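Asks: Here you go, one structure.
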Amino acid sequence: MASISSFGCFPQSTALAGTSSTTRCRTTVAARLADQSDDFAPLRSSGGNCGCVNNSGEFDRRKLLVSSVGLLIGALSYDSKDGDFASASQFADMPALKGKDYGKTKMKYPDYTETQSGLQYKDLRVGTGPIAKKGDKVVVDWDGYTIGYYGRIFEARNKTKGGSFEGDDKEFFKFTLGSNEVIPAFEEAVSGMALGGIRRIIVPPELGYPDNDYNKSGPRPMTFSGQRALDFVLRNQGLIDKTLLFDVELLKIVPN
């Protein structure tokens, strides 16, 4: 639910399969933006304040979080190597791209580390505690976004990132490293993290949910709306890039 204003206008993409294909592509994008205009309308209070402030004058943390993620998604679409915005075709699996690396992101972000598997990660905060390793049971807090589809959020915790963790892990996600309980990207990202760290990962489809089904491997969205948003992206064949973005905070390690 990131604000579309953070993306700015979609740049014109180069021709994919002739002029007519390019025109259809642009028309489709424009139609989608029109359909989504209500969802992405700027939030304003009756007094003209920013939508991150409620009627009582207090900051609305959820709106502030979503706005910051919107800025991130906009930044991710910027290719700093040649100074141009990435074309829309790099984020969407257009029909003209079938058979040409289907479903894989074309973007490599210079401030992220890319592993041999294709996972890209960036430590937002380096932990100072012990390192998680295979066999350990870990407790994490996580956010998830469909960066291939308007940067929509499908999971967000209502807890302040970086706050103290007092041992009550009932509402947090927990799994055992090496048990194949989670998608490969989650397993790889958490392995080697230090306790207290926060890691942002960009997940290509091949490291995501098997068979495009979030019920087969964790983490699973906890809300119906989150499940719908993720399911729509995973099951929509031929139109949407399935690249995902996760923020993972390592809260607790129970050694094997």
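Note: Cβ is positioned from N, Cα and C throughout, glycine not excepted.
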Asks: According to Swiss-Prot, one residue in S164, S217 is annotated as phosphoserine; name it.
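Replies: In Swiss-Prot, S164 carries the phosphoserine label; others show none in the record.
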Asks: Could you count the residues of the domain 'PPIase FKBP-type' (135-254) that DSSP puts in helix, in strand and in coil?
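Replies: Across the domain 'PPIase FKBP-type' (135-254), DSSP assigns the residues as follows: 25 helix, 38 strand, 57 coil.
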